[in-house]
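Quick look at what TrEMBL annotates:
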type     : residues : note
DOMAIN   : 19-64    : domain 'Cardiolipin synthase N-terminal'
REGION   : 128-147  : region 'Disordered'
TRANSMEM : 7-28     : transmembrane segment
TRANSMEM : 40-63    : transmembrane segment
Amino acid sequence: MDTFWDYLWYTILVFAFVAYLIILFQILTDLFRDHTVSGIAKAAWVICLVIFPYLTALVYLVARGKGMAERAQHAQAEAKQAADDYIRQVAGKSPAEQIADAKALLDSGTIDAAEFAQLKAHALGHNGSGAGNAGPGSVDRGNLAAR
């Protein structure tokens, strides 16, 4: 029958193994993210991580730990920039930019004043029918009685 100390020892072993796995995946991610390390050096680190796991992980963290944080921060900044660029691309132009483009077309004579007004109304989100074109601060008094 197992004693309390056996359970405590198993708990410590499981904790150490899980901690090693977390550190291992962090090291592998950092190792393959770093483009300054040659392929041979990367292979040597991986082989050492398999043969001498805890010792190699400790040596890697001591030798390259500061660079790990810098590379992770750089990768995060690149991912944020890519996401921001994608959002800007998908979102399209702002209403002010659409109106400025329409004004440039009007000034160049490509469109007339009626088409400019239509493009401006579309950019501002108005449907052009005259109904429901109340400004953002106005109240539609006719609908208040129906509520």
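If you go along the chain as it appears here, the first residue is 1 and each next one adds 1.
Backbone N, Cα and C define each Cβ position, glycine as well.
Just so you know, TrEMBL annotations never went through curation; they're auto-generated.
From a predicted model like this one, the values you see are computed outputs, not experimental measurements.
Assigned with DSSP, the residues of the domain 'Cardiolipin synthase N-terminal' (19-64) fall into helix, strand and coil as follows: 40 helix, 0 strand, 6 coil. Within the same chain, residues 20, 23-24, 27-28, 31-32 sit at least 6 positions outside the transmembrane segment (40-63) and bring their C-beta atoms closer than 8 Å to a C-beta of that stretch.
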